[in-house]
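Now, the feature entries from TrEMBL:
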type	residues	note
DOMAIN	B:91-304	domain 'ABC transmembrane type-1'
TRANSMEM	B:34-60	transmembrane segment
TRANSMEM	B:95-116	transmembrane segment
TRANSMEM	B:128-146	transmembrane segment
TRANSMEM	B:176-200	transmembrane segment
TRANSMEM	B:221-240	transmembrane segment
TRANSMEM	B:252-274	transmembrane segment
TRANSMEM	B:286-306	transmembrane segment
Amino acid sequence: MTLRLNRRRFLMGSSALMAAGAVGLRPVLAQDGRIRLLFWGGQDRADRTYGVSDLFESQTGAAVDGEFLGWGDYWTKLGTQTAGGNAPDVMQMDYRYIVEYATRGAIAPLDEFVGEVLELADFDADQIEGGRVNDQLYGISLGANSVAMLNNLSAFEQVGIDPPDRNTTYADWREMGEAFNSSDIGMKALSDGSGVEPMLDNWLRQQGLMLYTADGELGFGEDEAVEWFRMWQELREADIIVSAEQQALDTGGGLEATMVVQKLSASMPSNSNQLVAYQSLMEDDLSISSYPRIEPGSGGGHYRKPSMFFSVAGSSSAKETAARFVNFFVNDVEAAEILGVERGIPCAEHVREALAPQLDEKSRIALEFVANLDDLLGPLPPPPPPAAGEIDSSLLRTISQEIAFGARSPEDGGRAFVEGARDILSRASS
Amino acid sequence: MTASSLESGSRGAGNKVGTRNVLAKIWQQDGPGYMFLLPWLIGFFGLTVGPMVTSLYLSFTDFDLLTDPNWVGASNYVRMFTADPKFAAAMRVTFFFVIFSVPLKLAFALLVAMLLNRGLRGLPLYRAIFYLPSLLGTSVAIAILWRQLFAGDGLVNQFLANFGIDGPSWISNPRYSLWTLIVLSVWQFGSPMIIFLAGLRQIPQDMYEAASLDGASKFRQFYKITLPLLTPVVFFNAIVQTIEAFKSFTPAFVISGGTGAPINSTLFYTLYLYQEAFGFFRMGYASALAWFLLAMIAAFTAFSFLTSKYWVHYDD
């Protein structure tokens with residue numbers, strides 16, 4: 001009898017303990033002035049980021065627990081944590097998602113910290129503007145970058161032609177592709193860009209159009225979509241670009257599967273800040289150039305994009321420490337030396353000046369590319385609507401493949417794309 | 001031993017008090033048992049039943065992770081069947097996969113089991129080796145391996161090149177990509193094979209002896225003895241493997257980079273569900289998809305059980 005009572009008590013007690021443990025978990029994690037940081041990227045970015053957070057801890061005593069994931073998994077984890085009321089204090093944020101997170105209160109406006117713990121006096125105006133949603137500052141840009149063609153210079157040298165430059169047009173690419181085909185290099189000049197959203201965007205902007213308007217509507221029509229797919233179909237039929245099967249190997253999982261790294265094409269659309277990361281994967285000499293012009297003299301397709309932001313969670317209990325960390329990240333020269341231009345060109349002028357003389361060759365190429373876009377540069381487009389990601393991943397890429405594999409004609413594909421995109425946009429806004 | 005002393009102990013306690021109602025008596029008898037089950041019960045209700053009920057509720061909402069769910073009635077389910085071409089694509093891919101991978105896998109498993117059942121020396125070793133792929137199972141590593149094998153310049157094409165065949169890039173061609181996943185599934189034949197092997201060993205040898213005395217060919221013996229006596233095992237394997245096939249996720253996720261590419265040719269139902277939930281944050285719609293999957297699997301299983309009496313042969 002006594003024994004049984006004891007056993008029951010023990011069971012009751014232990015289950016109560018378990019329940020208490022489950023409830024008490026979060027406060028235990030959140031205490032003692034540590035802040036949590038979540039970002040997407042690879043090992044190189046992680047090493048640099050942790051270097052800065054260690055430095056921050058040694059100077060301020062505030063520890064930063066960092067965690068990083070690939071782009072795809074990142075948004076899953078961030079979304080889940082945010083929904084669970086357990087968002088990281090500081091998170092890396094993309095232009096694509098900032099409006100969604102800001103309007104839902106998942107990230108906090110930082111205006112109250114500006115001039116206090118957050119110093120933005122010599123910060124690029126367009127980069128501050130890029131972090132604003134409804135006139136409040138929700139994201140601090142970690143660097144400016146721009147879309148760029150990634151070119152394998154060694155391959156161009158082997159074929160014996162000049163690599164592309166800022167004046168190269170789509171027609172020039174076709175000629176270069178023919179030169180590649182008549183050589184024995186066994187590589188195409190160009191990857192298949194028909195499913196690459198920024199490339200379509202750039203092509204539209206050169207015609208004075210845009211992917212999405214400020215009201216979140218589609219900024220172009222069926223005619224443009226058909227013309228876009230037809231242009232690529234012609235390049236495909238002329239054997240200038242990689243085959244559909246080859247392009248489909250690149251599922252967006254990582255740099256390793258891309259056409260240039262696989263040595264299936266000499267060039268492909270990419271971003272200026274990624275030159276450093278790609279070069280670390282390849283022996284061949286790489287460089288970047290602007291996206292092709294649609295005709296000589298046309299410009300305005302590029303823009304200086306905030307490559308990514310740091311935002312502070314709306315639910316964070318340590319917003320000031322978090323803002324202090326963000327400030328350290330973008331303003332401290334010692335931190336900048338660790339970070340380099342891996343996240344894009346630093347936005348604070350004093351950081352840029354301190355950093356420029358110390359950069360290695362590839363980093364300097366990236367910096368100069370973004371600084372000298374001139375007539376290629378157009379205005380910053382409005383933030384894309386929330387459904388843009390879905391239109392990109394489940395519509396543009398699929399239709400581009402359907403055309404490449406011959407399951408649709410460019411005309412049919414263009415129509416289906418515009419119709420599908422409007423459908424997704426209206427569903428998202430309803 | 002412990003159980004019986006425990007039982008008598010509680011009975012004794014019940015008798016002493018004497019005037020308890022039935023419920024209390026049951027509690028007296030079974031209460032300690034439930035207490036021992038408590039850690040599991042907490043997990044079961046907290047981590048399985050709770051979320052399942054929640055997801056049933058969410059399937060009638062527009063929950064998007066960041067904002068509170070709004071009740072939208074059955075519109076998620078209506079959309080599924082009336083206005084979602086990707087859902088239709090995912091259903092096609094999944095049914096194609098189930099219809100081809102399950103019979104092929106079972107046939108292959110049975111074939112290997114029969115080969116192993118011929119009194120081989122070192123049977124345990126072979127059994128273990130053949131079971132190995134199933135242990136590695138649906139891991140990410142295997143899916144990556146598959147990607148390497150079936151890529152344009154992968155091992156498969158290097159082998160084919162010996163015969164002058166210029167193979168396509170199997171995994172990135174929409175015509176073949178699903179087949180590479182079916183082959184991957186068939187390759188993991190270990191667990192039905194083990195069960196078939198156990199089933200084969202239950203068949204009395206004297207039946208075969210009698211049959212061969214009567215002049216029955218090997219094929220006839222298989223058809224008239226092995227297969228009928230094995231039907232309960234076939235039935236079991238078919239149900240388990242079909243459920244597995246419906247739920248299959250990892251290989252398609254890894255091989256297509258989570259996209260179902262090329263052209264949605266590897267867009268398994270579960271992969272589409274995952275995209276909707278964690279790619280586009282439509283948790284309400286994804287919950288509806290999950291419940292429809294459950295209903296589909298349940299319906300299939302019920303159908304199998306109902307038809308089983310016509311083809312499953314039980315000895316007793």
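Glycine too: its Cβ is placed from the backbone N, Cα and C atoms.
Please treat TrEMBL annotations as automatic predictions, because they have not gone through curation.
Keep in mind it's a predicted model, so treat the numbers as computed, not measured.
Across B:95-116, B:176-200, B:286-306, the stretch most heavily in contact with the transmembrane segment (B:128-146), judged by Cβ pairs under 8 Å, is B:176-200. Under the criterion of 3 or more C-beta pairs below 8 Å, with sequence separation of 6 or more, the transmembrane segment (B:221-240) and the transmembrane segment (B:34-60) do not qualify as touching, having fewer than 3 such pairs. Ranking B:34-60, B:176-200, B:252-274, B:286-306 by CB pairs under 8 A with the transmembrane segment (B:95-116) puts B:176-200 at the top. Long-range contacts of the transmembrane segment (B:286-306) within the same chain, counting only residues at least 6 positions beyond its ends with a Cβ under 8 Å from a Cβ of the stretch, are 55-56, 58-60, 63, 76-77, 80, 87, 235, 238-239, 242-243, 246-247, 269-270, 272-274, 276-277.
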